[in-house]
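Visitor: The following feature annotations were taken from Swiss-Prot:
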{"type": "BINDING", "residues": "70, 76, 79, 111", "note": "[2Fe-2S] cluster binding site"}
{"type": "DOMAIN", "residues": "33-127", "note": "domain '2Fe-2S ferredoxin-type'"}
{"type": "DOMAIN", "residues": "130-270", "note": "domain 'FAD-binding FR-type'"}
{"type": "TRANSMEM", "residues": "4-24", "note": "transmembrane segment"}
């Protein structure tokens, strides 16, 4: 019996010793109370934060919203900040997005940086113009089988000062979404039923943040328009998780609330006189529409512009009336559609095939100087890769190839 008591006593003593060691180490490694984060050397911009918080979250808590399309997961590489002091060693998770030269200069991913001491960081001045809005859903309608147009109303008296090609981030609270509750019009339900998509559910326990490009242009004021493709699991494995954010967005109905922040962006048009060639597919339509409307309606440019859009079938086409109208109004604008899998009921007499092949065969191969054009593209990853490869073969330099990774 004495041996048992001694054993229990020794065990308790060891546990207490370990606890004391951990508490001592924590007291040395993590400061108590708040720490100060100096920003751009401006005392008025300095904030305080709790040790152990991530830098991205601490900035957001103080109303400074750094772009993070993945919501802080470390996968998008957008939440870059320059840390001049107090950031510690760069983590392996950051090195996929930050070069050795950039790391040496202090570049870090704010979602991966844990606050341990006072810090000194630098942020672009435009970040301080980023705000958050609680919007109301005006409509959420199918534009194609798997693409909805979400239209949000900005609060009265407010505006989102975005540029064409820009994007916002939208927040989704924890939720449980059942695909059977989605409002899918009869003309699109066939594929949904055939693939068993109405049986899918998406249950998310944490807040989610994702980025979406605007489909409207700056003069369409008071609203934000997004094209959102539902990220369903592949039909041959419906047990895989559905897209967290797209499932949430597809569940939104008129009158619902949605929180956005922004504006953000890098996918902006160059201020030159060069010919502009836009190439899109799928939900990559969004920034294409924003850019083209902005060029022709707001800027009233006389630059030569063409738009090449690829869809599977006629049922997957949208904004046709918009682009037909722009083409009629502007002699310097032409737009073209290619269907990769036209259906018998389409009675399609237009171009067929993948859009990069159609663009090459019907325009670029006979173009006197494709290398002098500016190419703006947004679509599915395979489309983007094929277009870039084709442009490289034509001698187009990187500086004339602009890619939006979010719209597809």
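Even glycines carry a Cβ here, placed using N, Cα and C.
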Visitor: Using a 10 angstroms cut-off on Cβ to Cβ distances, just flag whichever of 70, 76, 79, 111 is the loneliest among these binding-site residues.
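Guide: Among the binding-site residues 70, 76, 79, 111, the sparsest Cβ neighbourhood within 10 Å belongs to 70.
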Visitor: Setting 70, 76, 79, 111 aside, what same-chain residues sit with their Cβ within 8 Å of the center of the Cβ atoms that define the [2Fe-2S] cluster site, listed in sequence order?
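Guide: Not counting the recorded site residues, we get 56, 67, 68, 69, 71, 72, 73, 74, 75, 77, 78, 109.
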Visitor: Could you count the residues of the domain 'FAD-binding FR-type' (130-270) that DSSP puts in helix, in strand and in coil?
Guide: 24 helix, 57 strand, 60 coil
Visitor: Across the whole of the domain '2Fe-2S ferredoxin-type' (33-127), what does the mean pLDDT come to? Round it, please.
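Guide: Across the residues of the domain '2Fe-2S ferredoxin-type' (33-127) the model's pLDDT averages 91 on the 0 to 100 scale.
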Visitor: Could you tell me which three-state DSSP class residue 79 ([2Fe-2S] cluster binding site) falls into?
Guide: coil
